[in-house]
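Novice: Pulled these from Swiss-Prot:
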type     : residues                                                                   : note
COMPBIAS : 28-42                                                                      : compositional bias 'Polar residues'
DOMAIN   : 90-381                                                                     : domain 'Protein kinase'
BINDING  : Val96, Gly97, Lys98, Gly99, Ser100, Tyr101, Gly102, Val103, Val104, Lys119 : ATP binding site
ACT_SITE : Asp216                                                                     : active site, proton acceptor
MOD_RES  : Thr252                                                                     : phosphothreonine
MOD_RES  : Tyr254                                                                     : phosphotyrosine
MOD_RES  : Thr257                                                                     : phosphothreonine
COMPBIAS : 477-501                                                                    : compositional bias 'Basic and acidic residues'
COMPBIAS : 504-520                                                                    : compositional bias 'Polar residues'
Amino acid sequence: MGGGGNLVDGVRRWLFFQRRPSSSSSSNNHDQIQNPPTVSNPNDDEDLKKLTDPSKLRQIKVQQRNHLPMEKKGIPNAEFFTEYGEANRYQIQEVVGKGSYGVVGSAIDTHTGERVAIKKINDVFDHISDATRILREIKLLRLLLHPDVVEIKHIMLPPSRREFRDVYVVFELMESDLHQVIKANDDLTPEHHQFFLYQLLRGLKYVHAANVFHRDLKPKNILANADCKLKICDFGLARVSFNDAPTAIFWTDYVATRWYRAPELCGSFFSKYTPAIDIWSVGCIFAEMLLGKPLFPGKNVVHQLDIMTDFLGTPPPEAISKIRNDKARRYLGNMRKKQPVPFSKKFPKADPSALRLLERLIAFDPKDRPSAEEALADPYFNGLSSKVREPSTQPISKLEFEFERKKLTKDDIRELIYREILEYHPQMLEEYLRGGNQLSFMYPSGVDRFRRQFAHLEENQGPGGRSNALQRQHASLPRERVPASKNETVEERSNDIERRTTAAVASTLDSPKASQQAEGTENGGGGGYSARNLMKSSSISGSKCIGVQSKTNIEDSIVEEQDETVAVKVASLHNS
């Protein structure tokens, strides 16, 4: 496998010796591969619910599915998963989600009777960037064991170590997501708001304690059940910071849905990231619970900054200096003075203590936002918050994410994903760590059987079931990208436009000098930083203008790019 293979084999040998019992090993050595950290007793969540008044914290409405018998769907008796002699484990029921990455089916774990979501990720290794994202997420979800983070139950063993293409991940099945809950429940009580925010902050405290930044928190990435249980999902864009690196780190990709993106990230590929970006996103989600609609539904970078300042007021110079994008920073600096709108006027029915906390969460300056732990100590959570139910953890070991620092081949990533899969197959893992080189297996693989089941489900999914299949009712890894329905939201239409312009954005990534020259010609040498000039920014940012026409409204003419592969091209331009 070349240089990458040496890395993988070396880590594998090292892991074997680390797993051998040793009285001299130190549990405080953070450079060792850490075992999954312990969390609070699962019954703590039951105790948490008892702290609320059951008559007030009623069940929420979630979308219900009609689970028809398999025979009525034209599907024969289910073929069951077989893995190393362990037969009849999962019984596939139906397709509940479908996208360009693969298919999600609901299933029954016949060992426990539990309903699960099984995600088939197609052709994982066609693109190294996608495979790396999948590796990153399954690794993070293995390490971040917490009641408020979605759990991977199992990953199916592939039929061949060196040749597998698809990955099957078994998640706990959640009924809906917070986006759908907010849409379907216009009568959420203050107790609901408090309980939802508490769970988000409790989960985020744990994630941040592991030195992980989620970077894409939004209602669609918060799974929900009718009993008001929330879980954070979709860690494909998350990153880990390490003890030997600065607290604020530069990463060269473009993340976070614009409506929930912190102002210091607006319009920039290259940004300083701190835990405060996740706190801002949680604040926007909390505001959406209170309002019943998004707080900052910006159409583009300029509009996003405008509606933020319309509500929060013009930020002070110190806060403006934190904006990474030069044109956005100058645009804010030249903005007319705006006074903040009182939160009680924007949210007239909200609890005053909730608004005081919200004001801290969405402070324009990141240094003014509390940490998740500090937010949990806010008086808003009096009677609910408890250190016993708010577990922390140790920072994730640097060795777990050594692959992020290397240039890996497809075979390298395949081996690393295989290594992650073995975490759910202890006997095979022991053989692997001893240096076993088994390439194929004696028993029929569950993946082979599942491939046939999914294919049959997809073939028998008629047009009438299409809308159901589009609904997101499962964990990520990664999110689906499907054609939008007629009832799609403004945000979804906007994001679809952004995705369709990916190629155009990539083609405009000329050298800075060429871009500046083109901009100077188009602007006629003007030097002002108006909204139009920001739209035509020559900086390496998400505010690239595609096909600008003079009569086009500025709010419709900025298109941002959210594809990680384009960010990589940007980074290569800077390094060349």
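Positions of Cβ are set from backbone N, Cα and C atoms, glycine also.
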Novice: For the binding-site residues listed here (Val96, Val104), tell me which residue's CB has the most neighbouring CB atoms inside 10 Å.
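Specialist: Of the binding-site residues Val96, Val104, the most buried by Cβ count within 10 Å is Val104.
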Novice: Considering only the recorded positions Val96, Lys98, Thr257, which fall within 10 Å of the residue listed as 'active site, proton acceptor' when distances are taken between Cα atoms?
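Specialist: So far as Cα distances go, the recorded positions lying within 10 Å of the residue listed as 'active site, proton acceptor' are Thr257.
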Novice: Compute the C-alpha separation of Val104 (ATP binding site) from Thr257 (phosphothreonine), stating it in Å without decimals.
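Specialist: Answer for this pair: 23 Å between alpha carbons.
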Novice: Say we define neighbours as other CB atoms within 10 Å of the CB. Which of the recorded positions Ser100, Thr257 has the fewest?
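Specialist: Minimum Cβ neighbour count within 10 Å, taken over the recorded positions Ser100, Thr257, occurs at Ser100.
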Novice: Through the lens of DSSP with three states only, how would you label Gly102 (ATP binding site)?
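Specialist: The residue in question, Gly102 (ATP binding site), is strand (DSSP, three-state).
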Novice: Spatially, and counting Cα to Cα, which of the binding-site residues is closest to Thr257 (phosphothreonine)? Options: Val96, Ser100, Gly102.
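Specialist: Checking each of Val96, Ser100, Gly102 against Thr257 (phosphothreonine), the shortest Cα distance is to Ser100.
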Novice: Among Val96, Gly97, Lys98, Gly99, Ser100, Tyr101, Gly102, Val103, Val104, Lys119, listed as contacts of ATP, what is the widest Cα spread in Å, to the nearest whole number?
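Specialist: This binding site's residues have a maximal Cα-Cα distance of 14 Å.
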